[in-house]
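Participant: Quick one: structure below, then a few questions.
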Amino acid sequence: MEDPTTQPTVTEPVITPPAADIEQQQLQQPLLEPSKTEHDANSSVGASIANMTNNVLGSGLVALAYAVSRCSLIPGIILLITLAAIACLSQIIITRTCRITNKYTYREMGTDVLGKTNGFIISFIMLLYTCGSCISYFVIIGDLFLDVFQFLLPNVPLLQSRAVVVGGICLLFVFPLCMMKTVDSLKYVSVLSILSILVTVSVVFGQFISHPVVNPTVEAFHITSQLFCVIPVMCVSFNCHYNVPRYYYELKDRSPGRMWMTSIGSTSVILFLYLTVSLSGYLLFGKDTAGNILLNFEHDSIPPTIARIGLGVGIVCHFPIAYFAVRTNLHSLFCSLKEFHKFSLRLATATGVLLSTVTVAILMTKVEVVIGLNGSLFGSLIMFAIPGWMYLVATKGKEGLVRKKCEAWFMVIFGVTMCIVGTTLNVMNLIHKK
């Protein structure tokens with residue numbers, strides 16, 4: 001007999017929420033449960049900000065004063081701030097795709113969302129972009145150390161040759177660093193790289209403070225077609241987007257909110273340094289601002305020489321990071337996994353890449369041209385168009401994501417437009433100057 005005090009069990013019907021609600025919940029909640037957090041995900045927000053800042057700062061620092069001089073003071077300030085915000089938003093769009101695909105490299109996301117062929121194309125674009133970055137580094141190394149040797153060793157004719165200086169520094173310092181198996185061994189020089197950047201910023205700002213006279217050729221507001229040529233230079237100066245998936249993967253207790261804090265923090269620091277250098281340089285030299293701002297300062301002055309040495313050493317130490325991206329993309333595209341760390345393959349890759357990039361850097365001595373072409377042709381796709389495209393495909397058919405899809409569409413349109421218009425104008429300017 002049944003116990004009369006026992007209440008009958010009532011089974012409630014299970015209601016399955018709509019797919020859109022599930023997607024919204026997944027995007028709002030942490031990606032992983034605390035008990036399943038990976039061992040690598042132990043980077044604090046502060047450490048991630050420092051890593052992203054170090055990744056971004058480089059060749060763009062010396063070229064932004066020239067970029068501002070081509071579009072005048074007020075438009076230059078507005079553009080830098082606006083493009084910094086767009087670059088920051090693009091990083092968040094990449095993060096959203098990471099959460100949806102559960103992939104944490106740029107190529108893996110592309111392959112997972114867009115297919116193997118498009119993943120191959122994305123890797124090839126990244127290969128070309130990082131090669132362009134290596135060329136810009138060698139151009140700057142040549143500019144900086146030629147001035148240093150002209151000041152310190154003016155009676156040594158051999159050291160007044162760009163080919164000798166760039167080739168010699170590459171052979172003696174860059175090549176051994178590029179032969180390392182991994183980039184982990186370079187983590188101790190990242191502090192040196194950041195310090196060299198701060199020295200450069202301090203010298204440029206200090207030179208303006210010591211001579212606080214605005215150059216008469218400075219224009220407050222004057223817009224020309226040159227504005228579209230320098231937008232890629234400004235954009236690529238904020239580019240670390242191909243490493244954003246890794247930064248997000250390593251972020252402790254990762255979530256969209258913590259990644260927002262990281263992106264905004266890093267972008268704010270970078271923007272402050274960029275505004276300091278670009279405005280100080282433009283106000284000092286006006287229309288005569290060089291593509292490398294340090295070329296505008298006296299060759300026989302000690303403070304600028306210190307800045308050139310510091311930045312030059314920093315770029316030499318930072319160069320292998322860009323090179324390792326080249327090597328990784330080359331090997332992943334054309335080699336098997338078991339061959340990755342073979343000495344013969346590393347030797348052949350380093351020799352081929354360094355020889356070709358040094359040759360181009362010796363022939364093309366205008367860093368603003370290299371950065372502009374690289375930024376418009378490849379950087380615009382890596383930073384804006386491809387992240388937006390991946391997110392749109394990853395969320396295809398899902399509802400309730402109108403704002404985020406609009407942001408992704410904006411990135412696609414902005415990136416493609418900048419690629420076409422910026423590349424066309426930069427090529428036309430290059431032909432016209434010749």
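Note: Cβ is positioned from N, Cα and C throughout, glycine not excepted.
As annotated in TrEMBL:
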type	residues	note
DOMAIN	42-424	domain 'Amino acid transporter transmembrane'
TRANSMEM	73-98	transmembrane segment
TRANSMEM	119-141	transmembrane segment
TRANSMEM	161-179	transmembrane segment
TRANSMEM	191-209	transmembrane segment
TRANSMEM	221-242	transmembrane segment
TRANSMEM	263-285	transmembrane segment
TRANSMEM	305-326	transmembrane segment
TRANSMEM	347-365	transmembrane segment
TRANSMEM	371-394	transmembrane segment
TRANSMEM	406-431	transmembrane segment
Participant: Should anything in the same chain at least six residues away from the transmembrane segment (305-326) have a Cβ under 8 Å from its Cβ atoms, list it; otherwise answer none.
Facilitator: 54-55, 58-59, 61-62, 126-127, 130-131, 133-134, 137, 140-141, 144-145, 147-148, 151-152, 169, 173-174, 177-178, 180, 182-183, 186, 189-190, 192-197, 199-200, 202-204, 242, 294, 297, 350, 353-354
Participant: Given the cut-off of 8 Å on Cβ pairs that are 6 or more apart in sequence, determine whether the transmembrane segment (347-365) and the transmembrane segment (161-179) share at least 3 such pairs.
Facilitator: yes
Participant: Report yes or no: does the transmembrane segment (406-431) come within contact of the transmembrane segment (161-179), defined as 3 or more CB pairs under 8 Å with a sequence separation of 6 or more?
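Facilitator: Contact between the transmembrane segment (406-431) and the transmembrane segment (161-179): absent.
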Participant: Sort out the residues at least 6 away from either end of the transmembrane segment (161-179), same chain, that have Cβ-Cβ distances under 8 Å to it, and list them.
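Facilitator: For the transmembrane segment (161-179), the nonlocal Cβ contacts are 138, 141-142, 145-146, 149, 186, 316-317, 319-320, 323-324, 327, 346-347, 350, 353-354, 358, 361-362, 365.
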Participant: Counting CB pairs under 8 Å, which listed stretch among 191-209, 263-285, 371-394 touches the transmembrane segment (221-242) the most?
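Facilitator: Selected stretch: 371-394, with the most Cβ pairs under 8 Å.
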Participant: Would you mind listing the long-range same-chain contacts of the transmembrane segment (263-285), meaning Cβ under 8 Å and 6+ residues beyond its ends?
Facilitator: 45-46, 48-49, 52-53, 56-57, 60-62, 64-69, 73, 76-77, 80-81, 84-85, 87-88, 91-92, 197, 200-201, 204-205, 207-208, 211, 214-215, 218, 237-238, 293, 296
